[in-house]
Every structure is written in structure tokens, then in C-alpha cells.
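Colleague: Under the heading compositional bias 'Pro residues', TrEMBL lists 125-135. Annotation source TrEMBL lists compositional bias 'Acidic residues' at 191-215. What TrEMBL lists as compositional bias 'Basic and acidic residues' is 216-231, 303-314. The feature domain 'Myb/SANT-like DNA-binding' is assigned by TrEMBL to 20-113. Per TrEMBL, region 'Disordered' is recorded for 118-150, 187-231, 290-314.
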Amino acid sequence: MPDFNDSIAPPSRPVPVREDCWSEEASSTLVDAWGRRYLELNRGNLRQKDWQDVADAVNALHGHTKKTHRTDVQCKNRIDTIKKKYKIEKARVSSSNGTLSSSWPFYERLDALIGPNFNAKKPPSSSPSPSPPVALPLLPHRKNPSSSPAIAVTPTAVALPQKRSAAAAAMDEGYFRRNYSAVAAAAAAAEADEDEEEEEEEEADDVEEEEDEDEGRGSEVEEGEKEREGMRRLAKAIERFGEVYERVEGQKLRQMVDLEKQRMQFAKDLEVQRMQMFMDTQVQLERIKRGKRSGSNGTTHYLLEERRITSSYS
């Protein structure tokens, strides 16, 4: 009978997890930024602009070089990897019935964020018939072990009895083969379900990305329309301001012309009055001079006549 102890031993290699050259500090900052936005959206899916905000938060602290600068796609892929790692840890802790605890530094934070949405599957119920103490071998490692924690748990090998009869050994081997076939079939079905779920999730992500792109294009068009409308309003306001300014300047110019005309007319009238007063003064002076000359001639004639009469009587 073949020895199954080697086949049921837990694998020595760790589960391959893509790190993308992420440091623990950068991953911690990423989990914090993603967790805040995840809770703000009521545990909903993040859109492209949300992932960009998360990437900006990570780059603000750790993206000082070109190698450590992260894009929104890299942050999303890293969160997906961390989620898968959490599901593995969650399955391992759940299968231990509280005897094991996770030493992974992000386990507590991920458990607080997505733990309520994670339901560990119960392992398939065994047959009610009595079973011999045989440990089942581990199944080959699948690409995504996160969705079936019941299959991914590492069982403890049970030592087989040293002394058995040939009939008991044959019965055990036949029982093992039947159970192994059943478990393999269940694992294949679970893996098919997982593949379908992954395809559905990828399709949903693609649809969301397309919706985000459509929304982005629509928002760009709306922003362009708003900008053009704002420019048109600004041009109309400038045109109205120019018309008002032109009217005001025209009124000011007309007022200045009217004031200049009034000033010139006033100066003309004042000059005419001055000339009139000068002429009147000259006329009065001439009259006074003429009156004095005529008065002196009459007195002289009177005196001469009086002398002539006096001389005639004498």
C-alpha cells in the first residue's frame, strides 16, 4: 500500500503573492487611504477618480522617485492582491476554530473593512458511515484559493496503524479512493465556480471602467460647454461695458464743448460791455470839455459889451 504521508504534508513554499515592489509602509498607507474611501462610499466599489485619489495619497508620502510612483491601476491591483491574502488568512484562522491567529500586519484592518462581507464556506460534510483514520492528500495549488477556504486548509496528517490485515488494508484503500474521487470532484466544481466568479468580477470591472470613461468623456464635454458659455457671457459683458463707457465718454465730451462755448460767450459779452463803458466815458468827457469852452466865451463877450457901453456914456 503506498505511503500517503508524503502526499499530505503541507507545502514548504509560501503562497505566491505578487508584491509589485511595494514596501510595507507604502502598502500600509495604501490600505489606510483605500479604507477611508471605501467607508465613505458605504463599502461600495471605488471608481477611477477614487483610485486616483488613493494613488495621490500614496505618492504624497512614498512616490518621491519614478520607481516608487504609483498609478491608480497599480493601487487597484495591489488592493486586489491584499484582499486575496486576507481571504487566505481568514480561511486559515476560521478553520482553526479560534486556536490560531494571524500575524499578518494588515489582517486586523482588512478584517474590520471587509470582514463582514466575507463568509467562510463550511467544509463538506462527511459520510455518516464510519471512516478509518486516513488523512486526505492536499489538492494542487490553484491560482486563486481565496474563494474556497474549506479546500485550502492544511489538515494534520494522521498516522496509520502499523499492523493491519490484508482485508482491512484493501477496505481502507478502496474507501480512500472513493473519498478522494468525491473530494476531487467537489474541488473541480468549486474551482469552476471560482473561475466563473472571477470572470464575472472582471466583466463587472470592465463595465465599471467603461462607465467611468464614458462619464469622464461626458464630464469633459460638459466642462467644455460650460467654459464656452462662460466665455460668451464674458464677451457680452465686455461689449456692454464698452458701449456704456462710450456713451459716458461722449456725454463728457459734449459737456466740455458746451462749457467751452459758454465760457467764450461770457468773455465776449464782458469785452463788449467794457468797450461800451469806455466809449460812454469818452463821450461824457468830451461833453464836459465842450461845455467849459462855451461858458468862457460868453463871459468874455459880456465884459467887452459892458466896457463899450460905459465908454460911450462918458
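Each Cβ is built from the backbone N, Cα and C atoms, and glycine gets one as well.
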Colleague: Restricting to the domain 'Myb/SANT-like DNA-binding' (20-113), report the mean pLDDT as a whole number.
Modeller: 88
Colleague: Under 8 Å between C-beta atoms and at least six residues away from its ends: which parts of the chain pack against the compositional bias 'Basic and acidic residues' (216-231)?
Modeller: 48
Colleague: Per DSSP, what is the residue count of the compositional bias 'Basic and acidic residues' (216-231) in each of helix, strand and coil?
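Modeller: Across the compositional bias 'Basic and acidic residues' (216-231), DSSP assigns the residues as follows: 16 helix, 0 strand, 0 coil.
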Colleague: What are the helix, strand and coil residue counts for the domain 'Myb/SANT-like DNA-binding' (20-113) according to DSSP?
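Modeller: Across the domain 'Myb/SANT-like DNA-binding' (20-113), DSSP assigns the residues as follows: 63 helix, 0 strand, 31 coil.
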